[in-house]
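Annotated features in Swiss-Prot:
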BINDING   133, 137, 138, 139  (6S)-5,6,7,8-tetrahydrofolate binding site
SITE      241  site 'Plays an important role in substrate specificity'
MOD_RES   242  N6-(pyridoxal phosphate)lysine
C-alpha cells in the first residue's frame, strides 16, 4: 500500500468562515423552520422556555472545542484557564442564586444530576422512595422503565384522591415500612408547592437522606416567588432550563461539604467524562441574568400567568387537577369532556398552540394516550404575555377542546383555523429573536 506524502497543509475552504446555510442547507432549513415555529406558535409546554440571545451566543461559542475533565484548578488537560474562569463563575452565581454552600454545574441534564446523586449516596439495590408518574412524579424518581426503577428497589408514593395533594400519611407509612436510603420530593406534573419540612421530618424519622428535585420550579425559587428547599434537603437537583431560562442542562446543590465531595466524584469520573464547557458558559450567563432584579418580576409573573390560564380554563368548564396551581404549570383532566390527551395536544398543535398530553392522578389510560394535558406559562411570560394574554389563550385552548367534545377526535377545522389566526396575531404583538 502506497502512502502519498502531503506537502501542503490540509484545510477546507470556508471551514472557518462559512455558516451553516452554506455548509449544510438541509440543517439550515430545519433551523429556520424551528425559529418560525417558536416565533408564531404559543408555547405552553411547561418544561420549555425561550433563552436570551446572550445564552444562545454563549452556547454556540468556542468553548464547544474544549475538553476540561476535572474541576476548576484540577483539570486533566492543559489550556483550561478560560474554562476554569467560566465554570467558577457559574458555580459562584449558582451558590448566590440559591443561597447554598456547594454547586456542581457539570451534569449534562436533570436526569444525569439525579443519577449522580443516586450514585453518590446509595448503592444498587438500595431502597428509594419517590412520587409515582401518575401522581405527577418523574421517570428518574423510580419509575419502572427508568434506570432508577431497574437498579434500585423503588417504592412509589402518590396523591390523595380527594384533592390530588401529596398523601403524606402514605409517604410516612411507606418510609417506615421500607426504610429507604433516599426519599425524593419533586415531580414533573405536580402543580402545588411541596411541604419540604414534612418530607425532611419523615426522612429524619427513618434515617433517610432527602433529595428535592426542583427542576420545574428552580427559577421560581431563584426569583423569590416559591419556597426554597435548601434548608430542608440534604441535596437538591435541578435542570437549568425550564423556569430558570438557561440552556438545557443539570445542576446539583447542597450545604453539606461531605455530600458535595461525594457528588463531585459521582459526576466526574463516576457518571460523566468531560463537561460541556459551552453549556456551562451558557449556564453562567443565565445565572447572571437570574441574579438581576427583573428576574424576580419574571418569576412572580410566571405564577400569576399560570393561575390566570388555569382560572380561565376552569371558568370554561375544564377540570383542573388539585384545583389550580401555585407554580408555573397546570394539569387539565379531560375526562369530563370525554376526550383524550393525545387528541387534545394534536388538535392544539394544529391550532398553533403546543402543550403535551399528560397522565392525571389515577389515570385509566396509558401514557401514549392519557386523560389530560399539561400547560405552562414560562415561555409565554418570557416573550411578554401578561394576565390578559393568558386569559385569551385560555379561551383559545377551551375553544379547541370544546370542538373536540362536540365533533369528536378529529376536532373542527374551522375552529382550529380561527384559533391559528388569533395565535398569529398575538405572537406578532410579542416578537422574539428579531433582527
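Glycine is treated like the rest: Cβ placed from N, Cα and C.
Across the structure, residue 137 ((6S)-5,6,7,8-tetrahydrofolate binding site) and residue 241 (site 'Plays an important role in substrate specificity') are spaced 18 Å apart at their Cα atoms. The C-beta environment of residue 138 ((6S)-5,6,7,8-tetrahydrofolate binding site), restricted to residues of the same chain at least 6 apart in sequence and closer than 8 Å, consists of 114, 130, 131, 186, 187, 188, 213, 215. Its own atom aside, the Cβ of residue 241 (site 'Plays an important role in substrate specificity') has 26 Cβ atoms within 10 angstroms in the protein chains shown. Sequence-distant neighbours of residue 139 ((6S)-5,6,7,8-tetrahydrofolate binding site) (same chain, six or more apart, CB under 8 Å from its CB) are 111, 133, 145, 146, 148, listed in sequence order.
Scoring each of the recorded positions (133, 137, 242) by how many neighbouring Cβ atoms lie within 10 Å, the top position goes to 242. Cβ atoms within 8 Å of the centroid of the Cβ atoms of 133, 137, 138, 139 (the (6S)-5,6,7,8-tetrahydrofolate site) belong to the same-chain residues 130, 131, 132, 136, 140, 141, 142, 143, 146, 187, 188, site residues excluded. Under the DSSP three-state reduction, residue 241 (site 'Plays an important role in substrate specificity') is assigned to coil, being neither helix nor strand.
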